[in-house]
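**Student:** First the structure, then my questions, so here it is.
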Amino acid sequence: DSLSERLVGSSNMEDGVSLKFRQQLLLIDENLVAEDVAALKFLCTDLLPFKKLENVKSALDIFQLLMTEEYLNEEDTFLLAELLYRMKCHSLLKKLGYTKEKVEECLRERGRVSPYRQMLYELSENITDDMLKDIVFLLQNYLPRRRITLSALELLILLEKQGLLTENNVQMLEDVCMNVSPDLLETVNCYKRAKGYTTVCNIPSFNILQSDYKHNGKKVLTYEVFVCPIKFLELPDQPERFRKYFNLGGQRGTNIEECGGGKTGITPLMLPTHQYICLSSWYRQNTTSYKMDGPHRGFCLVINNVEFDGSLQERKGSCRDAEELERVFTWLGLDVKTYKNQTSKEIKNLMQNWQHLEDHKDRDCFICCILSHGESGAIYGKDEELVSIRMIMSHFTAKQCPQLAEKPKLFFIQACQGKEIQRPVYVEADARIPDLSSMQQSISPSESIPEEADFLLGMATIDGYASFRHIQQGTWYIQALCSKLQLLVPRGEDILSILTEVNEDVGRRVDRLGTKKQMPQPAYTLRRKFIFPIPRDPPPS
């Protein structure tokens, strides 16, 4: 709309408001984008009725509400100036006759945005996309079951609506920040210090107080850790492992031993900042990751179909993939079992046999890798009969395989999910000839995965497309998967982060003529992060 049209449309503002003032507000509105409007709404949450704010579509709507509630008028525009200042829209202040310095001078006496609201807004400004993903993951039990994309501000408002976050209770926010970023935690700590708080965090097994002491004349930030004996013993790691993890050789051993014995009156551990961050990492890994410290890691099945009975070509180079998978997953602590050239019936029988294996109960996870030709949502047996990927995975649901209930189950499929395309000499596609593949119904990876938790399906390619295999070096996907596992597991990365790197690796590759590309696609219902324990031995290659 033109400015003149909007001036007419604004005539429903308070009677007696001069045209000049309305024009000022419209000019400010013209310079604010959707993110600015969301910020205005958030900063006004303590000042305006929440139901009315929910219906706000523009900055003008907020200005109208502020005027109705008598926070804003022609003679007193300071609240609007404060809001623009908080949002760092300093160039707009001059439209109200203010400068950044003038606003700062008046804030102490006239500021209306509470320190609590300021703290939350500052947090939202510093939360990166990756941090937001981590926070949403940590708080998934408190968020709507339907998958919605939340901004940082929307997430904070949602927590406030549920009463999980208030001016006098920022405990959940603090726990989350401790796990995601020390910088975010410091923002919360500054607010708490101003409010007179002393405790920095209070997680199930630890109570941590922040303090300063002087070392060689310099102030050093430390964290005083009090361990709760009973709850500490419920954690997966034993006290001795706790001591080794934090390299607490220089600490008084009685702290750990007394804790192990369930005694009270524990002398607190004094941890410098770097060890405190280790504590945070250790706590997050034990509460937001799948348990991976059992007596046995788990079984890994590798089904490698190389030769076929009819028109499907021999999958040259696939044995290289199978050997690499066996080396890498053995290095990761799994018991690897390889099966070669299995018919559709033999694949189904294999799944039934492994489904009923009692030994799963002592294992942390289950992994299955299938290397074959394929179509949308299915792979070929040696007899060139299709086997549904969903049917394969359904053998290991909690109902069908209770020994693996609540344990992560990972499936990696190296097979085409669509028609064969023209290929050069050294690159082949894992697909049937085009006229037959066109008969197969399109099925996406998300449709193949069972509708329950704890599954991951890693597909070599997106639905409808071919995946590629070098006849000597193996497939792009499996070779990238094995390479990234060896590189990133020792760094403590979780499986989804690793698969993102696999996507990036495979997506960069092209055949030697530069005509073919491929993009893998994972689908998952994992409830926690899946992190392989770091092996003692170096990577196999």
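A Cβ is built for glycine as well, from the same backbone N, Cα and C atoms used for every other residue.
Taken from TrEMBL, the feature domain 'DED' covers 20-98, 115-190. Annotated domain 'Caspase family p20' per TrEMBL: 296-420, in sequence order. Feature annotation from TrEMBL assigns domain 'Caspase family p10' to 445-532.
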**Student:** Counting each residue once, how many in the domain 'DED' (20-98) are helix, strand and coil under DSSP?
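**Tutor:** So the counts come to 52 helix, 0 strand, 27 coil.
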**Student:** Taking DSSP states H, G and I as helix and E and B as strand, how many residues of the domain 'Caspase family p20' (296-420) are helix, strand and coil?
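**Tutor:** DSSP classes over the domain 'Caspase family p20' (296-420) add up to 40 helix, 39 strand, 46 coil.
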**Student:** Which residue counts does DSSP yield for the domain 'DED' (115-190) in the helix, strand and coil classes, in that order?
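**Tutor:** Computed counts for the domain 'DED' (115-190) are 54 helix, 2 strand, 20 coil.
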